[in-house]
Amino acid sequence: MNAENTPGLPDAAPADHGQALDRGKDGTPGQDQGQGRGNGGPHARDQAPGRGRDQGSDSDRARDRARGALLALACGDALGRPAENMRPEQIAERWGRLTELEAGPGGVAAGTDDTEYSIFAALLLCEHGSALTPAHVVAAYEDQVLSIEGPMRGAGFSELGAAQALRRGIAPPASGRRHLHGWSDGLAMRAAPYGVFAAGDPAEAARLVAVDGSVSQSGEGILGGRAVAAAVAVAATGAAPEQVAEAALAHIPADSWTARNLAEAVRIASEHSGSDTASSGPGPEFGAALHRAVVPGHYPWTDLAPEAVALAFAAYLVAGGDVEESVVTAANLGRDADTTAAIAGALSGAGRGASGVPERWAAAISPVTGACLPSVAGRHVVDVADLLVAARTGRP
């Protein structure tokens, strides 16, 4: 979510319902699941036609899943962008069911801060790896974020708040606590690269994303990032969606707002899953039940991490991990639609790989423009995924 598309800022943040704790047991990887629809388009260049995910080398599979995670994230960001801050009934009235990426400036699918800040996070990992510290993140903010001239167009509430705090000389973790938006989904939206980098090690993914989050988030905002990063790390092993959700829950406190919402997402997705869900989507009662359970009706802003993370996981679970259906379902749930669809894309793309991304979507994703973060202009998510794998393995 970006603050530019939101009519104002809240005067006060909702109360934290949990604390960011750097603990949690490992999730358990499962067996590879079947391949999803789509074949990843022109950027799935190492995936030979007809090759299954159980064939080829481990490095090929790692690269395919890394590409899938970031490519599907970008697709979700682009698909959900025009539906951001809308209600499901408004989306249905305008599109029926939103399934196609709309062209932005230049005729290409346009993403938002979800994609560009994910690239920012990925490049931090490429430079520092597991040695990443809050000081490294602050240095990157100073070099790439605080240096932006004029308004920070497209930035989310938490990034704006962190930038203001850092400009006043406030260091982390206070920089993520001394503004009103530490609960936002700004960390969750950029958490996927940490799971890609630490594939198979959800505890490490959760630890690393919390280092990043200490600069801009607090409380539930960090927990949302931990849940997504840990889940992507397990999804990248080929685990079943249910095991991916278990990994997310294992790396956040059980008595937290995020965990309670995630548990509700798992329950509702289970109740509404069916044999035809992956082809036609869940019925409207799914979205209605989910909104009743995890969306605070009294709060106008849509970027709450516990809400966005729960919506994304529910979409991913009810779709059985299929990339297209996960992303489409998330986008049509509305609210912070670009972020929820981006997270659902990262989860499903990590599990199914680049070959699971619909070709028509993959072909529409171009290098980012830097509209939100000029320093990443010209980067393509597929190339960034390859850099992440190389940083993790030490092999190009």
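From the backbone N, Cα and C atoms, a Cβ is placed for every residue, glycine too.
What you see is a predicted model, and the numbers here were worked out from it, not measured in a lab.
Annotated in TrEMBL:
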- 1-63: region 'Disordered' (REGION)
- 43-63: compositional bias 'Basic and acidic residues' (COMPBIAS)
- T112, D113, D114, D336, D338, T339: Mg(2+) binding site (BINDING)
Other C-beta atoms that fall within 10 angstroms of the C-beta of D114 (Mg(2+) binding site): 34
Fewest other C-beta atoms within 10 angstroms, as judged across T112, T339, which are the binding-site residues: T112
Listed binding-site residues (D113, D336, D338), ranked by Cβ neighbours within 10 Å, top entry: D336
Three-state secondary structure, T112 (Mg(2+) binding site) (per DSSP): coil
For D338 (Mg(2+) binding site): DSSP state (helix, strand, coil): helix
